[in-house]
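Database features (Swiss-Prot):
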- 1-20: region 'Disordered' (REGION)
- 20-162: domain 'RNase H type-1' (DOMAIN)
- Asp29, Glu67, Asp89: Mg(2+) 1 binding site (BINDING)
- Asp29, Asp154: Mg(2+) 2 binding site (BINDING)
Amino acid sequence: MKATSKAKTHPPGATAAKDPQKQVIIYTDGACLGNPGPGGYGVVLLYGEHRKELSGGYRLTTNNRMEILAAIKGLEALKSACSVTLYSDSQYLVNAINKGWAQRWKANGWKRNAREKALNPDLWERLLELCSRHDITFVWVRGHANNKENERCDVLSKEAAGRADLKADPGYP
């Protein structure tokens, strides 16, 4: 049985102009060698017969930051508003969008509740802004379950995390 969690998401007030001709599929993954530690992201974009792979990383970061950054980099690669299905094995990423957590954290001044700050507000801010430009469905896929594109993103993210030339993550303390 394939486990998925999917919901279309638009931050409140979003009015992105959509082109129904542009149906894009994005697979993302993030990895960290230690947590925190060197981290990387991997992205596979599919549009018709076109395929693009992206990867990168930072020398000290977290796995969750890399999961969010993978989604950001995938969406930033789109040149115009699209209908997007974004697949991720990160429940943190998918639930934060689909369940409205990220939007709620933003509305509450980047606080999860009265005592706790929301983590990664710099990345959530960027992701929410990108979500407002597209018609996006976030779908959770089980990691390491023989999903070809998810496995490719896993390889890309781990390779990126292992690079010797990684820079500092500007948003990580």
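Every residue gets a Cβ built from N, Cα and C, even glycine.
By the criterion of other Cβ atoms within 10 Å of the residue's own Cβ, the least surrounded of the binding-site residues Asp29, Glu67, Asp89, Asp154 is Asp154. Residue pair Asp89 (Mg(2+) 1 binding site) / Asp154 (Mg(2+) 2 binding site) shows a Cα separation of 10 Å. When secondary structure is read from DSSP and collapsed to three states, Asp154 (Mg(2+) 2 binding site) falls in the helix class. Cβ atoms within 8 Å of the centroid of the Cβ atoms of Asp29, Glu67, Asp89 (the Mg(2+) 1 site) belong to the same-chain residues Thr28, Gly30, Ala31, Met66, Ala70, Ser88, Ser90, Leu93, Gly143, Asn150, Cys153, Asp154, Ser157, site residues excluded.
Secondary structure from DSSP puts Glu67 (Mg(2+) 1 binding site) in a helix. Here the domain 'RNase H type-1' (20-162) has a mean pLDDT of 97 out of 100.
Reported as a whole number, the C-alpha separation between Glu67 (Mg(2+) 1 binding site) and Asp154 (Mg(2+) 2 binding site) equals 11 Å.
A strand conformation is recorded for Asp29 (Mg(2+) 1 binding site) in the three-state DSSP classification.
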